[in-house]
Every structure is written in structure tokens, then in C-alpha cells.
């Protein structure tokens, strides 16, 4: 018998199953500055005590398994195990509580969102003792965040590259999202950029389909960008979607975009995966490309209140993995987003230091130290009447993206772009003059429409459009 086995036997190893809380529920534990902290919304099965359910989450997302094993004696569980260190009830819910879990930093590979999520939101979400489980927030310590490159460039470098300051950036998703030929697609891009937008965008569905192969799209969009730049004197861009079936193909598309000299590419980071996204972010930093991120598939993960993962966690993960823009809801448009919660994760994307604020869904103080910020993108069902609210809610460091709100203009794409640019400039000027955008927004738009026929036509078309549904993402 080996000495290690004898040592294990000598301390009284007993095969079988024991309660998780005996090992993984440690209310006396004082968290370390280097711990990754998680807040889980836990809904246990009937008869499962909160302490046992919280400890089970800590165990199954770190070192634990369903039974006692011999090899526990070959390592130091106290050093590596996750710990449920605090439990609190959820207001208004009888059978729900928030379990706070601390994870030692050594459990995670440096610079890998993939590895972090494999542990924290892995098999534990299928655990039978739980009816539902949702990861509400993570605290990423500087000791871990410093192992990530983060966004390829960040907010200030992007503004310097584009030479655009003092206002939100304007964008437009080209519609119809599928079915256009590359040449007609490029024409729409040119018209929108020529009309005054800063960016146009591939829809997340657009990769390389039979009706429009990626290389053709890239070429016609590059032509549109350079023509619009020459005519306006402004730097323009189009989010060329490099998302592909393999990482190698994705990088090949990004290389071609760089060779064309365009400023920005795009990636669907959830469907593409964090490993692919981090690889593309590294390529973009090394080669001077901005990186726009779409969050297609996020609602599958984050929309249910009791199970899954809140978008603020996905937003933090994106800042670590890398992206210069990410879609973040609108508050006022057709897509999900309650104001205070949305502003909470918008701050987590942009700011260096964010204090704990439960009224905005922020469970932990987050210090990003030197990790660059990400521009939030407001997109989905917005039009010129929303411009004052969007400018007031999101501020200058944002991208306001009007797809149908540009291309649906009765006079065409270029007038639609003109209407949005005039509305934005009017709102920024009014704000800078001290006017209240929340209270005077409609009047500001009406005043501007008197000297912009394009804006007047847009105001008439969308004056009755509303999306009046309650947000599901509430505290």
C-alpha cells in the first residue's frame, strides 16, 4: 500500500454520500481580494434547505462531486474549494434566495472566459436538487482581469481613430437582413453613410450565404465606405461580419477586411463562442481593427428571471474577452431593457470603477483597473422621436443604431440618414445649451424639423409608433 493511501486511511476515510453543507457552506469565511465572487439566484427543490442548496452550487461549480472520493486526500480542498459564504432571501419570493459563492483564483486558467464559465455555469445548472438557478452577477478581481487583453482598443482610442467627439455615434443595420445581392447591399451602405451616419452594419444573420458571399459583400461595402468618405470628409465604417463556421475562416475574413483598409469588423460572440471571440479580439488589436460585437442568442440565456444568467454577467465576460461595441438594449425601443438595470450594465461596460448598487442590479463593487471600456449600442425599434431620450439615457459614449428608423424613411435611405443626423445634432446642441431632454425632447425635435424636411417627413411617419410592453428584466 502506498504511503499516500495509508495516510488517507489513517484519517478515517468513509465511502458514501454526505451533505454538501458540511464542507462547502462556510458563513464565517472572509472573502479575499483575489476571489472571484458570484451571486446566484437559487430555487431549490421542496425540502432542500437553503444552506444545502447554496453549498451544492459551490461544490458542483468547483471541486465537489456527488460522493466522497479517495483522491480528496491527495490535494488541499480548503485551498481550492468554492465556498457559499452568505445566503439572503429574495424579496417577494417564498422559495428563492441569493447564494453568494467565493472561488479561489487558482481554479481558473488565466485569460480564459471559456474556462471560467465552464466551471461557474457548467453542469451545476442541471443539478437535480435545484428547480432553477440563475447567475445574477460576478465580481472579477483585478488579479484575474489583468490576465485579459480586453477590448481591442476601447472608447478613447476609437474616438481618436474616427476623429469624432462630443456626441453619440450613429449607425444603421442594413435591411432586409437577408436576400440582397452584394452590389445592392453596398448601394444601401453608401446611401446611409453619405446621408450622415458614422456606421452601417451587417445583420447578425449575414455571414456568407448563396445570395451574397462574404468576399463580394466586403468589396462592395469597402467601395461604399471610401466613396462616402470622399464626399463627406468624415471617417466612415461598416461592421463587416467576420463570424464563420471555423476560427480559421473567421480570421481569414478579418485579414481580408484589414487588407481592404476598412476600420471595423464584427462578431456574433455568443453563437461564435468565447474562444473564437478572444482570438478575433487579439487579431484586431494587433492589426488596428475595431471590433463590433452582436449578442445574438443572449435572450436564450438571460431572459428568464429564475434560470440562466443575467446579461450583466455576459457584458462583463465580453469586456474581458474583447469587443469595442456591444448591443445593450434601448430602454425605449422594441427589445428588452428596464432603465435602471440597463444603465447598471452599461456602466459596467464603460466605467473603470463601479460601486455596488442593488437598485441597479449590481451585486458587487467592480474595479476594472486599466481594462479599456466598451461602447454600448442601442438598437432595435428606435426612430427620430426616441433621439432625445436615447441621448439623455446613454450619453455621448454610445452608438445609436437605427435600422428601420433609417431605411424606412418615405424618401429613401439617404434622407433617412439625414433625418437621424439632424435629430442627433439638435439634441446634442440643446443638451449643451442646458435644455432638459427628458422634458423638452419632443419640442426640440419639432423645432429641428422646421428647417429639415427630411426630419419632418420622418417625424410624420413614426409619430404613432410605440412598443408598450413591460420589461421582464426587473429586480
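Cβ from N, Cα, C; glycine included.
Noted in Swiss-Prot for the protein shown:
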- 175: active site, proton acceptor (ACT_SITE)
- 294: active site, proton acceptor (ACT_SITE)
- 123, 173, 177, 295, 327, 379: substrate binding site (BINDING)
- 201, 203, 204: Mg(2+) binding site (BINDING)
- 3: N-acetylproline (MOD_RES)
- 14: N6,N6,N6-trimethyllysine (MOD_RES)
- 201: N6-carboxylysine (MOD_RES)
- 334: site 'Transition state stabilizer' (SITE)
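Within 8 A of the CB centroid of the Mg(2+) site residues 201, 203, 204, the other residues of that chain are 173, 174, 177, 202, 205, 206, 239, 241, 266, 294. Considering only the recorded positions 175, 201, 203, 204, the residue whose Cα is spatially closest to the Cα of residue 295 (substrate binding site) is 204. Using a 10 angstroms CA-CA radius around residue 175 (active site, proton acceptor), the recorded positions that qualify from 123, 203, 294 are 203. Of the recorded residues, residue 327 (substrate binding site) and residue 204 (Mg(2+) binding site) place their C-alpha atoms 11 Å from one another. Secondary structure from DSSP puts residue 327 (substrate binding site) in a beta strand. When the Cα of residue 177 (substrate binding site) is compared against those of the recorded positions 201, 203, 204, 294, the shortest separation belongs to 203. Put simply, of the binding-site residues 201, 203, 204, the one whose Cα is nearest the Cα of residue 123 (substrate binding site) is 204. For the pair formed by residue 204 (Mg(2+) binding site) and residue 173 (substrate binding site), distance between Cα atoms is given as 9 Å, rounded to the nearest Å. Residues 123, 173, 177, 295, 327, 379, recorded as contacting substrate, have a largest CA-CA distance of 37 Å. Counting neighbouring Cβ atoms within 10 Å of each of the binding-site residues (203, 204), the lowest count belongs to 203. Using residue 173 (substrate binding site) as the reference Cα, a 10 A cut-off selects 201, 203 from the recorded positions 201, 203, 294. In this structure, residue 294 (active site, proton acceptor) is part of a beta strand by DSSP. DSSP assigns residue 203 (Mg(2+) binding site) to coil, not to a helix or a strand.
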